[in-house]
Structure formats: structure tokens, C-alpha cells
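Read through the structure below, which is laid out as C-alpha cells, and then see the notes.
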């Protein structure tokens, strides 16, 4: 498997602007802090540009969308495009909400660095048949052959963009590369916000100069490996959640953590 460059220690305490939902806000803030960066969450149109202009990466999560938040998202995305600020868009709930799907497609004009979603969300976004309900992926949507071909075509249209598709096997697709990543554990599905956290960690690695492809691979693998280290039979939900955040701060001290990434990268 391709050797990625270790992003640690974080070279600068970057400011990561997360426009996210209220449910996962605290987890994302703590996750970003655990990696050595600083979070800020501002989604009021009156101040959103003040914070975006100070940030080194922008993470947009469509959970809990409102008319005011949509206005702020469009303002921040436009600035990110004009200033070449790395941007991650998490397409939460596009399987169900036509408003969210339309917004994500509009955001493509602002050239996001990474589009993230689960298997059902990304299939819905690119026009493939899907069975997603609410914000959850369906087990029926795990076929990847048709999805990979469509994503490759989209990356030709948007050559600077990568897709991060989470599932039992995580996919990362760019114009020239495909990664199939196999770390992780089912316990991550026990607690809300872990998918959102992957997007925030992707923004962290983008702030350190990583490409969209490499930042996506590093982010999803980092969280999955951290979770693998703490799986203990009989552990309760709250303890597991606490230990996930705890391990995020500890794993970066392991100079060999990249060696535990499972999967393949194809040109």
C-alpha cells in the first residue's frame, strides 16, 4: 500500500471552521483539539466571514440545515473558493432532503476539496439508485463497482476534488487514484457524530497542506485505528465515546501508526 506522510506533529495550530450540527458540535471541537488544532463554529451570516477569513480550512456539514444556515454556508463556501481555502462538504441527509441535495450540487461551483458522505448519500448525490433512510446508509447500497466509475467521471469534471465515501470499507476517489480502506469497528456506529468527526479531521489534515485524497485517507484511517485500539467486550456507550476522544489524542504520539492502515491504493 502507498506510504502516506505522517502529518504529526502538527506544524501549526490551525483554526478549523466547522459549520456543523448541534448534536456533534462538541465531539468535533474536542477531536480537532486532540490533533493539535483549534476549532471554531460560526454559522450566523452576520459573522461567518469574519471567522472563515481567519481559518486554515472549512468544514461544512449539512446536519440541521436552516434558511439562515444555508445563507451562511453559501457565503463561507464562496469565500473559500475565492481565497483557495481548503473545504470539506459533508452531504448529510441528501438521500432524503431535496433541499440538501440541491445545496450540495450548488456548492460544487465553489470547488470543494472533498465531498464526504456514506454510501447511500454519495449514490444519491451522483444519481445512482439507493436505499438510504434519513441520514443512515443502507446495507443494500454497499456495491461499489458502479459507484467507483461514476465518481471517477465526476472527478474528471471537477479535477481538484476528491470523494470520501464511508462504509464497511471506506472509499477515497480522486482524478487519478482510488483507495479502498479497511480499518474500523462496528462500535463506531454506537455513538452519533463519528461520521461528522471524520469530516472535521479531514479538514485538519487539509490545513496542514495535504491533498484532498491524502487528507481523506489519513482522517478516516486515523479515527478507525484509534477506535480499534479501545474495543473491549462489554464496554458501554459513554465509556466507548470517551475512549475514542482519548485515543485520538494518544495515537498521534505513535510514530508507526501509519503502518497499521489496512487497504489498497490504486492508480
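One-based numbering along the chain as shown.
Note that Cβ sites are derived from N, Cα and C of the backbone, with glycine treated the same way.
Source: prediction; values computed, not measured.
Positions annotated as substrate binding site by Swiss-Prot, on the basis of sequence analysis: 41, 193. Marked as ATP binding site by Swiss-Prot on the basis of sequence analysis: 116, 166.
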Cα-Cα distance linking residue 193 (substrate binding site) and residue 166 (ATP binding site), given in Å to the nearest integer: 13
Among 41, 166, 193, the most crowded of the binding-site residues [Cβ within 10 Å]: 166
